Each structure stands twice: as C-alpha cells, then as structure tokens.
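Engineer: I'd like to ask some things about the structure below.
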Amino acid sequence: MPLTRAQPAPGPEAMETVAPAVDLTRLQLQGELQARGTYPRHYRGFVASVVAVARADGLCGLQKGLAAGLLYQGLMNGVRFYCYSLACQAGLAQQPGGTVVAGAVAGALGAFVGSPAYLNVLDALGTIWRQRGLVGLWQGVGGAVPRVMVGSAAQLATFASAKAWVQEQQWLPEDSWLVALAGGMISSVAVVTVMTPFDVVSTRLYNQPVDGAGRGRLYGGLADCLVKIWRQEGPLALYKGLGPTYLRLGPHTILSMLFWDELRKLAGRAQHQGS
C-alpha cells in the first residue's frame, strides 16, 4: 500500500527514513537499505504494528488507503480475470504450461491498468498529473507488473492444479464450493511464497522519493532494488513482513478464487439453460 514517507536525511546518521508517526510504515519499509541491527525497530511484528499505528493515528489509521486499495483491486483483478477467462476460452490454458503463461500475461495487463490507482485517489491523482504528467501516474509500475505477473501465474496455475487434485481425492462432492475453497487455500501458500519478494520491491519503488524529473532517488528500477536490498539488508529482507503479507494475500486469494469459480459455474449454467 502506498505510504507517506519522510525524505531521507543525508549521511549515515539517518537511521530511519520513514517517520513512524506519519503512517503505517509496514515491516517491508523498516530499515530500508540498512544492515540488520543498525536501525531502531519501531515495528516488531503484525500485532505490534497494529498497536503502534492505532496509538499514533487512532483506529481509522488502520484503514488509510482503503479507497485506493479497493480501486486498484477492482481495476487490476477485473482486467486480470477477464483476460484469463478469454485465454481459457481460446484453449491456451489447456496447453502445457498454458495456465502459467495465461496467468502471467493477464496479471501484467491487470497491474498496468490498475497502477495509477495504486498511488492514491482523486486529489492525489490530480496532483500527480499536474506535477509529473501522465507518466507520473505509472510511477513504480516497473515493480508492480512483475509482482502481479508472478503472483497471478502462481495463483491461477496452482489453483487449477490444486482443485483438480482435491477432486481426484474424492474427499468432497465434485461440484461442492468446498473444492474451490480447498484449492484456494493451497494456492494461497504458493502465492505468498513467490510474491512476497516482489511485494517488498514494489513497495520500495512506489514509496521512494523522486527528483524533479520523476526519477527515483534510491532505486533505478526492479533489478537495482533487488540487488541493493540483497547486498545491504541481506536476502531475508526480501521476506520482510511475511506474516502480515499472508494475512492480506492469503484471504484475498482464497476468497477471490472461490467467488470467481462459483461465478463461472453460474455463468456456465445460465448459458447452458439459454441455449
């Protein structure tokens, strides 16, 4: 989620580049480009983060960015599921590796369309347009597209495989919604595992300060961000906030897969009855 950032102070004495009282820094931004153990840890886990934000901004602070998040998810997932459904109808998903390719392409298109909403809403969009022009609305898209490509490919491919595996075990009635629920639960683990590093990178790219030309001051792009995090913070830094990430992406994957599968069933039945 996009956050309000404090500008990093020059020199090694700048121990924390994000002001804890301003917004939810998230574990993914804490200690940015600083070696482990050299910065104060204001947030030590999901519960501690929630308590810290609630104390600083009140309970409403926990829902900051909700409108932007809803708009982004609506645009991104609407485009993503529509494009994947078209690929399935065209028979691409039935080819070897087809679900992975279709999921990745659909995810890339969805991320690109939804990227402006990921920044902020209404007044913020107008401000960005005036200050940075049309291109400014897609700041950080270089991190968002690979992030959603990887997540979408893992989500849709593992869901299809997991659902088929659950059906083969015959633990549940074949047409039961519980089959999709179980498939979504298995898929959620794969999604969070492969997506968290890209989630960290995307968060860093979207929230970094920029110069007058709109260029990032901390990272030159996806690869530069990955290398800097690996070298300066260590490889485990790519999994910062893994627990909270699952609490966000896990239910999202489970419920979106369940609802999408059930809606496809309803649409198929309606089409069959109308023919």
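We number each residue from 1, going along the chain as drawn.
Glycine is no exception: its Cβ is also placed from the backbone N, Cα and C atoms.
Curation does not apply to TrEMBL; its annotations are automatic.
According to TrEMBL:
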type	residues	note
REPEAT	2-90	repeat 'Solcar'
REPEAT	94-165	repeat 'Solcar'
REPEAT	175-266	repeat 'Solcar'
Engineer: When the pLDDT values for the repeat 'Solcar' (175-266) are averaged, what is the result?
Structural biologist: 88
Engineer: Residue counts in helix (H, G, I), strand (E, B) and coil for the repeat 'Solcar' (175-266), per DSSP?
Structural biologist: 73 helix, 2 strand, 17 coil
